[in-house]
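**Q** Handing you a structure now.
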Amino acid sequence: MKSIGYSENSLVSKIGNLRALWQLIRPTQWNKNLFIFIGIIFSNQWSNSGLILRTILAVTAFSLVSSSVYIMNDLIDLERDRLHLIKRNRPLAAGLITPYIAKLLLYVCLTFGLVFGSIVSPITLAFLVAYFIQNIVYSKVLKHIVILDAFSISFGFMLRIFVGTWGLGIEPSRWLLLSGLMVTLFLGFGKRLAELNVMSARSVAQRPVLGNYNFGLLTQLIDITAGGVIISYSVYTVDPSTVALHQTTALIYTVPLVVYGIFRYLFLIHKGESGDPSGLVVRDPHIIITVCLWLLCVFWILN
């Protein structure tokens with residue numbers, strides 16, 4: 001009976017460790033890597049099975065490298081996270097995973113991610129390396145500099161778009177790239193506004209950059225980038241090169257869905273919801289339905 005009890009405790013412990021490792025690599029954040037599919041969606045190459053497989057491999061590679069970045073950030077911020085009301089429950093900060101195991105998992109994720117990226121293309125590999133380096137600079141320097149912190153977050157999203165276009169040999173529309181820049185800046189500043197909504201004196205001490213923001217500044221920045229998203233995407237849908245590529249002007253009818261998605265996101269962050277884009281996309285039914293409808297409309301129009 002004693003050995004059975006020991007086996008049960010051992011099994012529970014192993015399951016707990018696996019769950020902690022799973023939480024450490026942040027699979028809930030992998031939906032950010034769906035930005036990589038933008039290239040194949042707007043390139044009229046959906047029937048190219050080879051390109052689809054390379055896109056999936058690129059998403060896998062970026063997911064692994066991004067997981068290594070999350071682990072790296074947890075290691076860098078370990079002591080700070082232990083003082084945070086929410087982040088102290090993360091596997092490393094809570095002591096569920098040792099720093100040695102975390103470093104080992106970091107190297108495994110990074111190595112496999114870079115190997116998969118090199119299989120996709122040398123350009124994809126270069127973008128993945130740039131993403132990892134950019135996050136080191138962000139964690140050490142840029143996250144503490146007002147406005148540049150949001151631009152750094154935006155650059156991480158833009159690298160995903162670069163992988164989904166240039167990394168796969170797809171020449172992107174300049175208007176589409178501008179739309180990507182505007183939407184990622186919009187999400188970045190929206191995240192800061194959401195953090196400001198729940199900010200306390202303790203959170204400012206832990207993240208001093210938040211003290212440099214105020215509601216007036218962030219509202220203006222969000223208004224500018226939200227308008228930039230709507231204008232740049234609208235121009236993209238009627239741009240002569242877009243019409244020539246897809247042989248249709250009907251993409252303009254997807255603009256209302258984009259506008260509604262932006263307004264809904266603004267409503268949520270002003271309401272006090274988390275400004276984390278990946279969290280809102282998988283939690284809010286309005287945003288989920290809007291994104292799905294937008295994708296369905298795009299596929300229907302371009303087919």
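In case you wondered, yes, glycine gets a Cβ from its N, Cα and C as well.
Reproduced below are the annotations present in TrEMBL:
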- 51-71: transmembrane segment (TRANSMEM)
- 92-108: transmembrane segment (TRANSMEM)
- 114-133: transmembrane segment (TRANSMEM)
- 145-163: transmembrane segment (TRANSMEM)
- 175-194: transmembrane segment (TRANSMEM)
- 215-238: transmembrane segment (TRANSMEM)
- 250-268: transmembrane segment (TRANSMEM)
- 280-302: transmembrane segment (TRANSMEM)
**Q** So which of 114-133, 145-163, 215-238, 280-302 is most in touch with the transmembrane segment (51-71), counting Cβ pairs under 8 Å?
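**A** By the under-8 Å Cβ criterion, the transmembrane segment (51-71) pairs most with 114-133.
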**Q** Other than its close neighbours in sequence, what residues sit by the transmembrane segment (114-133), given a CB gap under 8 Å and a spacing of at least six beyond its ends?
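**A** Beyond its ends, the transmembrane segment (114-133) has Cβ neighbours at 54, 57-58, 60-62, 64-66, 68-69, 156, 159, 162-163, 166-169.
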